[in-house]
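Here is the structure we will look at.
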Amino acid sequence: MPFNPGKKLYISDVTLRDGSHAIRHQYSIQNVKDIARALDKARVDSIEVAHGDGLQGSSFNYGFGAHTDLEWIEAVAGEISHAQIATLLLPGIGTIHDLDNAYKAGARIVRVATHCTEADVSRQHIERARELGMDTVGFLMMSHMTTPENLAVEAKKMESYGATTIYVVDSGGALSMDDVRARFRALKAVLDPSTTTGMHAHHNLSLGVANSIVAVEEGCDRIDASLAGMGAGAGNAPLEVFIAAADRMGWDHGTDLYTLMDAADDIVRPLQDRPVRVDRETLALGYAGVYSSFLRHSEVAANKYGIKTVDILVELGKRRMVGGQEDMIVDVALDLLNKA
């Protein structure tokens, strides 16, 4: 589908899910309410709510959340009147039972997330979401780790299971603008014209906003972003920055920029115990193509064993570790320690 500058962009906020990684999943109920209220006032289309690793992500491996997914979802449901609540489910971490409970708590959109070459495992969850009448999204993580053509094959699988939107997910913040363009062209070549597409960018190479703009130019319908870029690694595409850029380009986004700017600086940024920015460590994520949520885990391991976080991240990239392999971070740290 060619670029249509007149279409309304769907703005999908991820501050209350991906943003959870930035503070080790420690949002309080009051934090969640304050952020949701501001986002709803700004009239974003959806607000994603869950542990950073999705429904039931709270665990020893991924980090325990301050509250349950359902407590967070219910808190948001009580604060919003415009936006819909989205949630994230990674098959193997979350189950159909968890999806049912999230729906009862107020979630009406689910993004079923798999590694970019493993769409097969999403079938049951996508089918159940459609049975519930949810807006059902296929979410292909670490999209830089396969070719555009292979990504399109996986996207087609998710579409065949019932997903009505397919996302290119740059979990490592490693895609260039040409990479994004190639992936959307490959998806558009095989997906049904009625199937919408989305872009989930990370800012590890400072390309989060640029990649989101390129995606829209290639016909992308939905853009993920977060207040102050709150997210794993160097964060997601900063929502207020993307909206300002979209506004200058004359695109219809339907949100209030100044409300988003205030929320980013007054509510979200003060919560960051580690600045969400491009620095030595987060740049290494994008450069090495590493899953962005490995950052905080790697920093803990580096501090414990007296080695550099960057060295751990680069080695994880060499080993092509993917989301869900957080347990390997300590193994890598110990290997590096033994080689020192």
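Just so you know, glycine gets a Cβ as well, placed from its N, Cα and C.
Copied from Swiss-Prot, the annotated features are:
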ACT_SITE  H21  active site, proton acceptor
BINDING   R17, D18, S171, H200, Y291  substrate binding site
BINDING   D18, H200, H202  Mn(2+) binding site
DOMAIN    9-261  domain 'Pyruvate carboxyltransferase'
SITE      R17  site 'Transition state stabilizer'
Separation of alpha carbons, H202 (Mn(2+) binding site) and S171 (substrate binding site) (Å): 6
Assigned conformation of H202 (Mn(2+) binding site) - DSSP reduced to three states: strand
Other same-chain residues whose Cβ falls within 8 Å of the Cβ centroid of R17, D18, S171, H200, Y291, the recorded substrate site, in sequence order: V14, H21, G52, M141, V169, H202, G231, A232, N236, S292, S293
Taken over the domain 'Pyruvate carboxyltransferase' (9-261), the model's mean pLDDT: 97
Neighbour count (Cβ, 10 Å) for H200 (substrate binding site): 30
Chain-mates of D18, H200, H202 with C-beta within 8 Å of site centroid, Mn(2+): V14, V169, D170, S171, G173, A201, D224, S226, G231, A232, N236, A237, S292
Inter-residue Cα distance where the pair is H202 (Mn(2+) binding site) and Y291 (substrate binding site), in Å: 10
Pairwise Cα distance for H200 (substrate binding site)/H21 (active site, proton acceptor) [Å, integer]: 15
Cα-Cα distance maximum in Å, computed over every pair in R17, D18, S171, H200, Y291 that the record assigns to substrate: 15
